[in-house]
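The next block holds one structure in the form of structure tokens; read it before the comments.
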């Protein structure tokens, strides 16, 4: 009985397989196209002899590549004019605090070079160490003010500003000057970052208002039809340029084209150094008003309160010498 069932099963098995294959084949499915180009090249092998697939081309990809090849290359952005900030400084209890505040501002300005000039015969360790950690392109200069000029009623920082001007001229003496702008940044001033955007486009000499100066909330150039026509100031309106040292910037090319333009000690009256300097390089008609036609204050002539050190010990000092 078992042998009869097995014989019948093996007789029917081939026919069952044929029926299954016929049902699985879809007569509407297109036959695969044969190509003479293999997907794998027998000669393209990688490490260990493994086959490396060749990249297949397609009309869409070829068209995209042609579009990319024909697309013009983007030109590099023009280099920003360098802003040179000349800062006179002198030793006092708040010196490092003032310089720290100023450095925190300058660090946020692109393409700025800080020229720091000390009023002393040698570089101080405090300022040298400070600049080494400041993270700013800088030049550290020093020149002492002669004793006879250290009077309360005489202008300050004349020698230091002139040292910064001399360094700029010497640096660009034997090379073509790159676009640049110079301004005088006292270490106790406060600056809005917007001011640096304004001054960077200076063509010759640009001007703007200054806050908290001259016994007023602000001083500014008076502008009409885009030209400076006068001065809003609390002291000597008859000055040719009744402006604070923090209220103007000069193109580097103008500085180099006028090598004799400096701040003068002799023949310059108190409070007239700005006017005497600007008279050597420009005229009022050529001034370029910034800060919305000189209607916005972007720099303040702030002054740090005099430090009270009455309780500082003279004999029983701290065992640790901390720099302040």
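These residue numbers are counts, starting from 1, taken along the chain as shown.
Keep in mind that glycine also has a Cβ here, set from the backbone N, Cα and C atoms.
Looking at 215-224, 225-234, 235-244, the stretch flagged in Swiss-Prot as region 'Interaction with galactose moiety of substrate glycoprotein' turns out to be 235-244. Feature region 'Disordered', per Swiss-Prot, maps to range 50-78 of the set 21-49, 50-78. Within the set 3-23, 87-107, the record from Swiss-Prot flags 3-23 under the feature transmembrane segment. The separation of residue 219 (site 'Interaction with galactose moiety of substrate glycoprotein') from residue 293 (N-linked glycosylation site), Cα to Cα, is 13 Å. You'll find the Cα of residue 219 (site 'Interaction with galactose moiety of substrate glycoprotein') roughly 39 Å from the Cα of residue 311 (site 'Interaction with galactose moiety of substrate glycoprotein'). Between the recorded positions 293, 311, 293 has the most other Cβ atoms inside 10 Å of its own Cβ, all protein chains included. The two recorded residues residue 311 (site 'Interaction with galactose moiety of substrate glycoprotein') and residue 274 (active site, proton donor/acceptor) have their Cα atoms spaced 40 Å from each other. Averaged over the topological domain 'Lumenal' (24-324), the predicted model has a pLDDT of 86. Taking a C-beta cut-off of under 8 angstroms and a sequence separation of 6 or more, residue 274 (active site, proton donor/acceptor) has the following same-chain neighbours: 241, 243, 244, 245, 247, 248.
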